[in-house]
Amino acid sequence: MARASINDYRGLIYMALSALGQAFGALFVKFAAHRGMQCFQILFFRGMMMWAANTSVLKSKGVPFRNWWGAGMEHTCWLTFRGLFGFLSLACKYWSVIHLYLADAISLRFTVHIFSGIFACILLGESWLIGEAISAVVGFGGILMVVQPAWLSILGFPAKVGPAYPIFDVTVAILCPVFNALGYVAIRKLKKIKDDTDPFIILHFLGMFLTFASLPLARIIEGPLELPDNWQAWFWLLALSATTYISQVFVTWGLQLERAGPGTTVTLIGVPATMVLQVVFLRKNEPLSILSCIGALVICLSIGNVALGKRSAKKEELEVLLGDNAEKGAKGHTNGHSNGHSNGYSNGHYMNGNGNGHAHYSRMKDV
């Protein structure tokens, strides 16, 4: 029996790499905010850089300009939905990362793996296996152990001492995974509509929304849009644009190869990565607690369960395929044997009849 190869895990690997890129991107958002930049200001410049880079890629690949806008009305509509949901998700994420502690914001953002499995099941009819649902719940429990957010004390659990967040900021942070999950579902739907949808066309729509939607919002919420006035801000903007662009490419590839439920559950690896980045760069005087280490281990176990579940599903699929082929072969053998026996019997009986008739005719002739 054939064993699972690395290609069977490509979707999960791409999703994990995307999560690591998002962890560094959140850190760079913090650094840019520390240099005086605001949420929609960061979104605008990041979107402009992303759109320019993506346009260059599409031109270098020789993709006709008319194909940049989708293949048919339904395809274009879902590309638009992906761009809209992606923009709303990033806006909520950047806002929460700037106004909340990094670990608290990321803990809420990574509930996306729960919403994506539910939305994919409802909107796309994809299966959400019991093992994947358990992994999602266990993984989220690990997240709570890692970050120990201040809002957890509302439920009566002990939590780290943290700031009293405004309800608006918390609501925005909760909306982030909802919009993110809808964006992931849109990518899966695009693959169902057109299997070979170019991921850079999907990113083309996201870059457009980041550029043109953030500009008016920046003026309304934050005032007139201004250029960064120091080189450090420009540096962190470039670093943010590069890491998040690569991350978006990986997540698009990953969701084209993997179902939304297990794919987004694997992105939980970004939580311990963000925790380490926060301790190293933002909270040097706050060492890792034993509970945080246990939570990171729980997260890794949930990710491993998803990968093992995919391997088992692949094995069962192969066994079913081999079973169907064996059944078809057995039926073919039985039919061939029956037909051969029947034909042989008929032919033999026909030959015997002819022989007997010929002998009887000979005897009559002799008389």
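Any Cβ shown, glycine's included, is placed from N, Cα and C.
Those TrEMBL annotations? Automatic predictions, nothing curated.
Features of the protein shown, as given by TrEMBL:
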| type | residues | note |
| --- | --- | --- |
| TRANSMEM | 12-33 | transmembrane segment |
| TRANSMEM | 39-58 | transmembrane segment |
| TRANSMEM | 79-98 | transmembrane segment |
| TRANSMEM | 110-130 | transmembrane segment |
| TRANSMEM | 137-159 | transmembrane segment |
| TRANSMEM | 165-187 | transmembrane segment |
| DOMAIN | 172-303 | domain 'EamA' |
| TRANSMEM | 199-221 | transmembrane segment |
| TRANSMEM | 233-253 | transmembrane segment |
| TRANSMEM | 265-282 | transmembrane segment |
| TRANSMEM | 288-308 | transmembrane segment |
| REGION | 329-351 | region 'Disordered' |
| COMPBIAS | 342-351 | compositional bias 'Low complexity' |
Which range wins on Cβ pairs under 8 Å with the transmembrane segment (12-33): 165-187, 199-221, 265-282?
265-282
Where else in the chain does the transmembrane segment (79-98) make close Cβ contacts, counting only residues six or more beyond its ends and a cut-off under 8 Å?
26, 29-30, 33, 38-40, 42-43, 69-70, 105-106, 108-109, 169, 172-173, 175-177, 179-180, 182-183, 186-187, 190, 201-202, 205-206, 208-210, 213-214, 217
Other parts of the chain folded back onto the transmembrane segment (165-187), taken as Cβ under 8 Å at six or more residues beyond its ends:
78, 81-82, 85-86, 88-89, 92-93, 95-96, 99-100, 104-105, 108-112, 114-116, 118-120, 123-124, 150-151, 202, 251-252, 255-256, 260, 263-264
Counting only CB pairs under 8 A, let me know which of 110-130, 199-221, 233-253, 265-282 has the most with the transmembrane segment (39-58).
199-221
Go through the chain and flag residues at least 6 beyond the ends of the transmembrane segment (233-253) whose CB is under 8 A from any CB in it; none is fine as an answer.
10-11, 14-15, 17-22, 24-25, 28-29, 31-32, 35-37, 42, 45-46, 49-50, 53-54, 184, 187, 199-200, 202-203, 206, 267
Model confidence over the domain 'EamA' (172-303), averaged pLDDT:
84
What is the number of residues in the domain 'EamA' (172-303) that are helix, strand and coil, as DSSP sees it?
110 helix, 0 strand, 22 coil
